[in-house]
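What TrEMBL says about this protein:
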type     : residues : note
COMPBIAS : 1-12     : compositional bias 'Basic residues'
COMPBIAS : 208-247  : compositional bias 'Acidic residues'
DOMAIN   : 87-188   : domain 'Small-subunit processome Utp12'
REGION   : 1-32     : region 'Disordered'
REGION   : 199-253  : region 'Disordered'
Amino acid sequence: MGKKDKSSKRKSRESEVATDILPHKNKDGNVIDDLSEPTMGEKLANLNLEENDKAMNLDIVDVAPNAKPPSADSVYILLKQALRADDRALLIDCLYRQDEKVITNSLSVLNPSDVLQLLQSLVAIIQLKGAVLACALPWLRSLLLLHAGSIMSQDSSLAALNSIYQLIESRVSNFDRALQLSSCLDLLYAETVDDEMEENDVATPVIYEDDDDDSDDEGVEDSMDVESVEDGEEEPQAYSDISDDEENGKISE
């Protein structure tokens, strides 16, 4: 009896699995659609929703650590590691932090040996050009302001300070020539702009109308009319060709 029960249970399980996997068919062998089964569009929509949820969760995980600005303690630890390991890449990574409070708090806790080592590293970096130079200048300025006494008290710092002075002099010496060049370029640009404006502007012809000629002509015509009227008052009398004798003879007859 036990074997029959086990075999019957096994057959029922296999039939359930077969009904889940294989499509339902009627007596004629035609496949019957399961109306409760989701359509292909619904399946794709569910997959897209799941992928979007996963992407949003990953974005939240990635943004959350970066949203918090670096603290002075973390930058100080990185700076100490860079100085101890003489890792220039890690030091440059620290220099990219441009918050004044972070810079001041990170440099204020350095010991004199670390200050001298950082000064020498900054001297080598400021001889470069580009973004690295711009990032290193605030750190050098704060370092000199905070640790001027300890830097001057060490004889080994004179070489670094001399290098900084020479570098500043060489950069400033080019300033006058750069300023002259900039002024010349500004003048040339202004002249080219004026020339283009003159070429684009069309000169409109100026027409001068002299009204005095018309008034003079009218005055001449008026004077001629007046003279003709005056002459008409003194018109000579018309004399006939008949003599006095002929007139007397006609009268006597």
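Cβ coordinates come from backbone N, Cα and C, glycine included.
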| query | So, by DSSP, how many helix, strand and coil residues make up the domain 'Small-subunit processome Utp12' (87-188)? | reply | 86 helix, 0 strand, 16 coil
| message | If I take every residue in the domain 'Small-subunit processome Utp12' (87-188) and average their pLDDT values, what number comes out? | response | 89
